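Have a look at the structure below, then the notes.
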Amino acid sequence: MAEPQPPSGGLTDEAALSCCSDADPSTKDFLLQQTMLRVKDPKKSLDFYTRVLGMTLIQKCDFPIMKFSLYFLAYEDKNDIPKEKDEKIAWALSRKATLELTHNWGTEDDETQSYHNGNSDPRGFGHIGIAVPDVYSACKRFEELGVKFVKKPDDGKMKGLAFIQDPDGYWIEILNPNKMATLM
């Protein structure tokens, strides 16, 4: 007999839990440290993520032989960033949920260069999410800054959350964690 499915056709809560294992004790100090997005123009991306979303550049790494740079951003106080190079790198790579922007040198000057955001065929990567105290206030500010919206807070069936796009077209969900229970 087939297992009952929720209305969505996805896994039931029980089925989802049955697919999961308890964490091995050896993984107790693991953490999700970063997600990486390739960017065409680091100047535009750094401006967007710092000025528009309020993130802090916590580490920059250049790889001249391979012709690329990494920019790590997080919601951290810039005064907490260590000054000494090795300590700064270790500190940056021990933060939770950082955003790594990878820039392959020269893409900013190539008019044919673009990256797939995963939200059109073939679908894949979807979005990152930013928690904010007030979605409507944040979106009002984004509108004033000329940010491109995929979905405004009152559009569609899921009210109270929004999706914006960064300079490369990646989607960013804007949500209030305390309000999400009414949507899920």
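Glycine too: its Cβ is placed from the backbone N, Cα and C atoms.
What Swiss-Prot records for Ala2 is N-acetylalanine. Annotation comment: Swiss-Prot describes Cys19-Cys20, Cys61-Cys139 as disulfide bond. Taken from Swiss-Prot, the feature domain 'VOC' covers 31-177. Annotation source Swiss-Prot lists Zn(2+) binding site at Gln34, Glu100, His127, Glu173, citing experimental evidence. Annotation source Swiss-Prot lists substrate binding site at Gln34, Arg38, Asn104, Arg123, His127, Lys157, Met158. The N6-succinyllysine annotation in Swiss-Prot covers Lys88, Lys148. Positions annotated as phosphothreonine by Swiss-Prot, on the basis of experimental evidence: Thr107. Marked as N6-acetyllysine by Swiss-Prot: Lys148. The active site, proton donor/acceptor annotation in Swiss-Prot covers Glu173 and is backed by experimental evidence.
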Name the residue among the recorded positions Lys88, Lys148, Lys157 whose Cβ has the smallest number of other Cβ atoms within 10 Å. Lys157
Looking at Cβ-Cβ distances, which residues of the chain lie under 8 angstroms from Met158 (substrate binding site) while being 6 or more apart from it? Leu183
Residue pair Thr107 (phosphothreonine), Glu173 (Zn(2+) binding site) - Cα distance, angstrom, rounded: 26
Reported in the order helix, strand, coil, what are the DSSP residue counts of the domain 'VOC' (31-177)? 35 helix, 46 strand, 66 coil
Proximal but sequence-remote residues of the same chain as Glu173 (Zn(2+) binding site) (Cβ under 8 Å, at least 6 apart): His127, Ile128, Gly129, Ile130, Leu161, Ala162, Phe163
Close in space, distant in sequence - Asn104 (substrate binding site), Cβ under 8 Å, 6 or more apart: Arg38, Lys67, Phe68
Report, in whole Å, the straight Cα-to-Cα distance of Lys157 (substrate binding site) from Cys19 (disulfide bond). 30
In angstrom units, rounded to an integer, how far apart are the Cα atoms of Gln34 (Zn(2+) binding site) and Lys157 (substrate binding site)? 31
Counting Cβ neighbours within 10 Å across all chains shown, tell me which of the disulfide-bonded residues Cys19, Cys20, Cys61, Cys139 comes out on top. Cys139
Could you measure between Lys157 (substrate binding site) and Cys20 (disulfide bond) for me? Cα positions, answer in whole angstrom. 30
Taking the Cβ of His127 (Zn(2+) binding site) as the centre, how many other Cβ atoms fall within a 10 Å radius? 16
In whole Å, note down how far the CA of the residue listed as 'N6-acetyllysine' lies from the CA of Cys20 (disulfide bond). 38
How many other Cβ atoms sit within 10 Å of the Cβ of Arg123 (substrate binding site)? 10
Around the Cβ of the residue listed as 'phosphothreonine', the count of other Cβ atoms that are within 10 Å: 18
